[in-house]
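Visitor: Below is the structure I would like to discuss, written out as structure tokens.
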Amino acid sequence: MSASKHIICEYSSEDPSKDFEVHNPATGAVIAIVRAGDATTLDKAVQVAHKAFLEWKKVPLTRRSQLMFKCAEEVEKHAEELAELLTTENGKLLSDGRMVDVNFVSQVYRYFGSLIDKLPGEFHDSGSVYRYVTREPHGVCGGILPFNWPPIHTAGKSAPCIAMGNTIIIKPGEQAPLTSMRIVDILNTVLPKGVVQYVPGVGPEVPQALTAHPLVKMVSITGSTTAGKAVVMAASALVKPTVLELGGKNALVVFPDADLHRAARDALEGAFFNKGEACTATSRLLIHNDIYDAFIEKYAAAVCKLQAGNGLKKGTHVGPCVTQAQKERVLDFIRIGEEEGATIAAQGRLPDDAEEKDGFFVAPTLFTNVKHSMRIAQEEIFGPVVTACKFDSEEEAVSIINGARWGLTCAIYSGNQELALRMCRQVDVGMTFINNYFRNTLGIPFGGVKETGYGREHCIDTLKDWSTSKVIQMPSGLAPVPSWPPVNELLPWQ
């Protein structure tokens, strides 16, 4: 990737009309102009990736592991650079980018590098034959990324992919592509050419070309439900496997016997960490009617203290939305909430620095008097907005949670362990939390159900998504292999 402001990378189009701007969301200033790829340059990338795959799949597991550990070391050398770049193009807090996003890259490369030779195989002895089940790589794969966690998604897709012997082409989120591109450049100082590549793009052109390419054998996307469905439709034409992580409308449920202070703390983090631009954001608070007023009083006071601002500055709690369009989307939902009859019970503070007057800021917002049928309680807003609804019983809470289109997470706060465990089994989500909302999921399955998608990331089962099973069978020599009776009659053993 060029260090100049105008970035033309290896697989950029020759067409200058493919240029697109990347902004600093804290100031609105253009920080880079990137030349997107197109179907032609995507094909070139696929051809390079396919050639690399034919050699990479033969690299011994121990060597593959060594290279992945080396990748982790190289990324760590650039940790501060990556964190600052991430905040500059995405808007998240520098401390969060450093502690969470960038650290995850090295962690996930070491994790999957250490698992390469530990994926359990299967051996079946049926008496007359031995059957061994092993895993084979798909080939060239595609990884389509969103804008909210560029390092996490770049590593979360590329690490298990190449660990299993595949090669991958990354399509970064167009709103914040620079960090993903830089990470791939760093990885390529270690890996053979073509193992991990990126093709930038705007809109559906590059993802469609990637998904429909006959040499691309598997695609994983993290993004909107609309984008995910488009990938599934294109992949189905070639009967191509996909992995989908498409968002959530997650609930944090508080019962009367809960520790209200703990619940309020976790609800504050769940709603406003990463400025609410997280598929795991707990944007729906379900508060039992008996404690609703007490909880809201405590929670609203904290929301009012939240300071929106530049993620590079100390004292900032909530960064800007990633783009002006995302800001307008969130503000539209705030207007919709008021029109639907909900009440803005609390809002955080907007920045007053002149440098940030053109930034994409939205005041952190808490809605009360929310009915479960309202759009703000049903749709994924993807911004610093949280709704607080009342419920009266466990059954009602379960019904509200399961009424959402998505099913990613649910957090339950109660002193009654039996109730909490029972609810965990009843809610239609992929991940549940009892009296905590700690979302570092490396090592356990990350993913959901319903319109959240399918497949699991960040765990040993992820390696199965990035590979396919193969059966190897041979006679055991211990007993005759069964055969069709007419064969014994027409071609008897000599």
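One-based numbering along the chain as shown.
Using the three backbone atoms N, Cα and C, a Cβ is placed for every residue, glycine included.
For Glu245, Cys279, the entry in Swiss-Prot reads active site, with the evidence type sequence analysis. Swiss-Prot lists Gly223, Ser224, Thr225, Thr226, Ala227, Gly228 with the feature NAD(+) binding site, giving similarity to another entry as the kind of evidence.
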Visitor: In sequence order, which residues at least six apart in the same chain have a CB under 8 Å from the CB of Thr226 (NAD(+) binding site)?
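Guide: Once residues fewer than 6 apart are set aside, Thr226 (NAD(+) binding site) is near nothing.
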Visitor: Taking the mean position of the Cβ atoms of Gly223, Ser224, Thr225, Thr226, Ala227, Gly228 as the NAD(+) site, which residues outside that list, in the same chain, have a Cβ no more than 8 Å away, listed in sequence order?
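Guide: The answer, listed by sequence position, is Ile221, Lys229, Ala230, Val231, Leu246, Gly247.
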Visitor: If you measure Cys279 (active site) to Glu245 (active site) at Cα, how many Å is it?
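Guide: The Cα atom of Cys279 (active site) is 9 Å away from the Cα atom of Glu245 (active site).
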Visitor: Which residues in the same chain, at least 6 apart in sequence, have a Cβ under 8 Å from the Cβ of Ser224 (NAD(+) binding site)?
Guide: Pro146, Leu246, Gly247
Visitor: Count, for each of the recorded positions Gly223, Thr225, Gly228, Glu245, Cys279, the other C-beta atoms lying within 10 angstroms of its own C-beta, and report the residue with the smallest count.
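Guide: Comparing Cβ neighbour counts within 10 Å for the recorded positions Gly223, Thr225, Gly228, Glu245, Cys279 gives Thr225.
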Visitor: Counting every protein chain present, what is the number of Cβ atoms, excluding its own, within 10 Å of the Cβ of Ala227 (NAD(+) binding site)?
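Guide: Cβ-Cβ neighbours of Ala227 (NAD(+) binding site) within 10 Å number 17.
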Visitor: Roughly how many Å lie between the Cα atoms of Ala227 (NAD(+) binding site) and Glu245 (active site), rounded to a whole value?
Guide: 10
Visitor: Going by DSSP, give the three-state secondary structure for Gly223 (NAD(+) binding site).
Guide: coil
Visitor: Please state whether DSSP places Gly228 (NAD(+) binding site) in a helix, a strand or coil.
Guide: helix
Visitor: Measuring Cα to Cα, how many Å separate Glu245 (active site) from Gly223 (NAD(+) binding site)?
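Guide: Taking the Cα atoms only, Glu245 (active site) lies 7 Å from Gly223 (NAD(+) binding site).
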